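Working notes, structure below.
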Amino acid sequence: MASLIYRQLLANSYAVDLSDEIQSVGSEKNQRVTVNPGPFAQTGYAPVNWGPGEVNDPTVVQPVLDGPYQPASFDLPVGNWMLLAPTGPGVVVEGTDNSGRWLSVILIEPGVTSETRTYTMFGSSKQVVVSNVSDTKWKFVEMMKTAVDGDYRNGGTLLSDTKLYGMMKYGERLFIYEGETPNVTTKGYIVTNYASVEVRPYSDFYIISRSQESACTEYINNGLPPIQNTRNVVPVAISSRSIKQREEQANEDIIVSKTSLWKEMQYNRDIIIRFKFDNSIIKSGGLGYKWAEISFKAANYQYNYIRDGEEVTAHTTCSVNGVNDFSFNGGSLPTDFAISRYEVIKENSYVYIDYWDDSQAFRNMVYVRSLAANLNDVMCSAGDYSFKLPAGQWPVMKGGAVTLHTAGVTLSTQFTDFVSLNSLRFRFRLAVEEPSFTITRTRVSKLYGLPAANPNGGREYYEVAGRFSLISLVPSNDDYQTPIMNSVTVRQDLERRLNELREEFNNLSQEIAVSQLIDLAMLPLDMFSMFSGIEGTVNAAKSMATNVMRKFKSSKLASSVSMLTNSLSDAASSVSRSSSIRSIGSTASAWANISEQTQDAVSEVATISSQVSQISGKLRLKEITTQTEGMNFDDISAAVLKAKIDRSIQVDQNAFPDVIAEASEKFIRNRAYRVIDGDEAFEAGTDGRFFAYKVETLEEMPFNIGKFADLVTNSPVISAIIDFKTLKNLNDNYGITREQAFNLLRSNPKVLRGFIDQNDPIIKNRIEQLIMQCRL
C-alpha cells in the first residue's frame, strides 16, 4: 500500500536521533575569538543619531545682513542696499552708468577746516576743497559729474556717528543716504541705464535686501550689531556670493554630508513603474461545473526603460492586501454552475508594488531617511473571463475597474528566482470605478471592484510614472558596500520556493486520472521510490532520507503516535454512555431546526458530536499503525503526492522534506472512519458528523455512542473512502448488492477499481473530491 511511506518514516525515526547526536558532537568544538568592534559598534544601527529627518516649512527665511565682503568691483543686484563700512577717510565708493552720470563718495574725518586734498576718482587725480566743522561726526560728500571729462560738483552730504553709508539701484534710480544721524533719509538720482550701473567699493560692505530697508536705516543711524564688530567676522570675496545658474536635474546624486568613513547621499529619481496582476484559478472535481477558487497572487515583472538617455533595468512585484471574498452557487445539482470563492479588490483593499532598478540609489539601501515619493494615479480595468462548462452556454465575468492612488512608500525586500533585492514598496489605496462587474447568465450583477478572474484585461502591464527622493547613509569609499540588514536566509528562500511549489501542486490535482490513482495507491511506496524521480537525489539518497525523517519526526502525525494508546483509552473512557441517538446528517438531522426535538436533545447531540469528533481525530493514528487489506486515506494521499512529485518541475531535494511533512498533515483534512459489527456499521467524521446504519439495507439506526467507543478500541478501523452519503446515493440511483456494499464499506481496492472502470459517476466524483482535498 502507498501509505507504507508514512509507516516507514515513523518506524525509522530513531535514525534521526543518531544523526542529530553525531552532528551535536561535531559542533561542540569552540574557539575563542576577540573582536574589536571599533567606535561604530551599535548593533543594527547606523553610526549617527537619527532625528526625525527634514521637515518641510513653507516659510522663506532671508538673512537681514549678508556680509561682510571685501572691496571689489561688481554689478550690484537691483533692489539691494550696499551698506559700506569704511575704516578711514578717502574715496568710499564709485558708481557710473558710463553714459550720463558718474558718482564718487568721499569720507572726511571730524574737525577738518577748509583745505585742498587730492583724490583718485575713476582713475584720475582730482583736487577737491573739503571741510568738516563737526568735532564728532564723519562727513560723507557726494562728488558728481555728467560727462567723462567734466568737472565734479558737490552733491548731498551725510554726517554720521557710525561711519556707515548706503547705496542701492532700484526703479531706474540710484539711491543714497543723506542728512545727519540719527535722522537720515534716502535720495534717488535718475540714471539712464540704472540696471547696468557698475559699483566699485573701496571698503568692506554688506548686502541688505530692499525689503529690510528699515533695518539698513537703523544700522546707519545707530551702527552695526555688536557681533559684526568682533575679530571673528572676516570679510570674504564677493565672488563667494555668486550662484552659478544651472539646469536642475531630475535625476541626481547629491552629497548631503561626509566624514572619513560615511557620507549621506541624496538620490532623486524619475521612475516608470510597470506592473501586472497574477491570479490562480482552480476548478473543483466532478463534472466540470464547479470552480473552487479564483484568487490574486503576487506577480513579478522585469522590464527596461530610458531615463536621462540611459537604459534602466527595473523589477517590480505586485501584490494585494485586504481582498474581499465573493461566492456564487447556482444550485445543489452536480451540473449547476458554482464558484466557491472568488476574490475582488475594492475601497478597503490595498495594492503593494515593490520597485527596484539597477541605479546607484538601490546599491546601499540600509540606513535611509527623508524617503518621499510622488506618483501618478492609474486605472486598472478587468477583462472578460469565460467559464467553460461541458455543456450549455458559458457564463462570462465582465467588467470591474479600480483606480490606484498613491498612499505611501516604505522600504522592502522582494524575492526573485535568484536573488533578493532591497527595494521600495509603493502602497496604493483603491477607489472603485465604472463599469461594475457582472457574471452573465447568473444573478451576479452591478458589483463594484476589480475581480481576480482577468485583472489585467489583456494588457501586458499597467504603467505609473513618478519620482522618489531619499537620503541614504553609505560608505565614503564607493568600492565598499554595506551589509543587507534584511538579508535572505536559506529558510526564507526555501519558504518562497515552497509557496511556488504548493501552488504548482494544487494546480496539478486536475491532471491526475482516477484510475491511475487507484493503481498507484496499491503500490508499496517507500522513501526511495517516492523521491526517485527528483533530480540530484540519487547520489544523496542517504542524506535525503535522513533529512526527510528529521522533518517528519517533528510533524503532528509523528508526535501523536507516541501518545496513541493513552489518547484512545482516555477518549473511549470519557464518552457519555447514553443508549442511543439519531445520526448526524440523517433526514431528521440535528443540524436542522426540528421542532419535535427538545432543547435537551439538541444539547445531547452537540455533546455527542464533540465526543465523536474527538475520537475520530485519533482514529487515523490507530489505522496507520494496523495493517488492513482495504485502502485508506493515507494510501490515496501518498499516491497523489507521488503523482504530483513526478509531474512537478519545481520540487528539489531541499524542499522535499517539507513537502512530505506538510502532505502528511494537510492532505485530505475531512476524513471519516467506520467500524463494523456484524450487520451494523458506525461511521464518524473529523467534522463531528456521525452515522449508524444497517449494512444490508443501508437504513439508518440510532447511534450508540457507548458501543462505538468499545468498537474503536477493540476492532479494526476502516477509512470511509466511500462514505455513507455516497454509498446511499449509489444504492438509491443504481442499486448495489449486499456483497458490493460490504466491499465498499471495507474500501476494497479491486471493487473500487471496478466501479471506476465502469465509469460510475458517483464513485468517480467521490474519488475526485478526495484528490482535490490533497492540497498544501
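Cβ atoms here come from the backbone N, Cα and C positions, even for glycine.
Per Swiss-Prot, the feature region 'Spike head' maps to 65-224.
The region 'Spike body and stalk (antigen domain)' annotation in Swiss-Prot covers 248-479 and is backed by sequence analysis.
The feature disulfide bond is assigned by Swiss-Prot to CYS318-CYS380, with sequence analysis given as support. Take the CB of CYS380 (disulfide bond) and look out to 10 A: across all protein chains shown you find 23 other CB atoms.
Swiss-Prot lists 389-409 with the feature region 'Hydrophobic', giving sequence analysis as the kind of evidence. Applying DSSP to the region 'Hydrophobic' (389-409) sorts its residues as follows: 0 helix, 12 strand, 9 coil.
Positions annotated as coiled coil by Swiss-Prot: 484-518.
The region 'Spike foot' annotation in Swiss-Prot covers 510-776 and rests on sequence analysis.
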Can you count the other CB atoms that lie within 10 A of the CB of CYS318 (disulfide bond)?
26
